[in-house]
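Trainee: First the structure, which I've put down as structure tokens, then a few questions once you've had a look.
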């Protein structure tokens, strides 16, 4: 069973529809035991870092997420919450992946938020990349990002490079929305769900 963490009342229709298309058995949940028993866990997120961390704290999930051994995927804000810190609201996050979510620099031809389609540049071979290449585009909506670093599986350029896909151990993050990224996003989600679970 796939646990989709639902703590903030976000509209998760696009994500749940994508999982249905992939034939995944999933539950929208904020129950700690259900999350711990899941084969895979997805942490979506829309809103601010503070609201996201507050919702996790109020539902008693911070320590739960920190001790998971199965694959955990953070999407958009969910990826940023996996990091050590966010400049948005100046708030500590889960600390599962080293790094800081920093405000993107706005330029004349690169307004913030970064909104729309952009392509991935894969840096490391990964099971997530299976069936994909550097010509594939995905859909972004974000103002904060992790600088490209050693944990980046894929990078993206929007005036400057940032991490688009990140991995440390069993913790994964996608700064874009795979559920809104057409066929490429479906491949990425399917690849994630195909990762071996140690739960």
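Think of each number as a place in line: the chain as shown, counted from 1.
Positions of Cβ are set from backbone N, Cα and C atoms, glycine also.
Okay, so Swiss-Prot annotates it like this:
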{"type": "ACT_SITE", "residues": "76", "note": "active site, nucleophile"}
{"type": "ACT_SITE", "residues": "177", "note": "active site"}
{"type": "ACT_SITE", "residues": "179", "note": "active site"}
{"type": "DOMAIN", "residues": "1-199", "note": "domain 'Glutamine amidotransferase type-1'"}
Trainee: Under 8 Å Cβ-Cβ from residue 177 (active site), six or more apart in the same chain: what's there?
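Mentor: Sequence-distant Cβ neighbours: 14, 75, 76, 138, 139, 140, 141, 185.
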Trainee: Work out the three-state DSSP category of residue 179 (active site).
Mentor: helix
